[in-house]
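What TrEMBL records for this protein:
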- 27-126: domain 'Immunoglobulin' (DOMAIN)
- 37-112: domain 'Immunoglobulin V-set' (DOMAIN)
- 1-21: signal peptide (SIGNAL)
């Protein structure tokens, strides 16, 4: 490959933007000292009502930090301590770490969806020994962006792009 072609390819990649990213997060990577503050920005361009912030620690599944059901309406999730959110409009849902702690070292994910329909498999117990017919789970229209170098999501949801960030304290 000629050096001119290589430079042209590299220059083209520099101009590659998110396109139709759906959900985007910034910054992509961030290192903090204990006690520092940081705002993780999350934006979606699909006019979704619902937005969520999750964290994933090593060996643990996704845990909900905070969520919003509409602009101006937010609520706490499973691990809300140490985080603040705001939702002034439909598009943006920033997550603020007021004073970073070692316990907040994690991979952070932002998601948006049309609804809060269940994802995955629902199990139920009953007395009959007959097998219950299985039905596919209806797609809820959930869209994800991720903050990690090589993070993965559960099979029932699809990442929207390579926007990612590792938050190390």
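Backbone N, Cα and C atoms are what each Cβ position is placed from, and that goes for glycine too.
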Inset, instruction - For the domain 'Immunoglobulin' (27-126), would you mind checking the mean pLDDT of the predicted model? - result: 89
Inset, instruction - Would you mind splitting the domain 'Immunoglobulin' (27-126) into helix, strand and coil residue counts from DSSP? - result: 3 helix, 43 strand, 54 coil
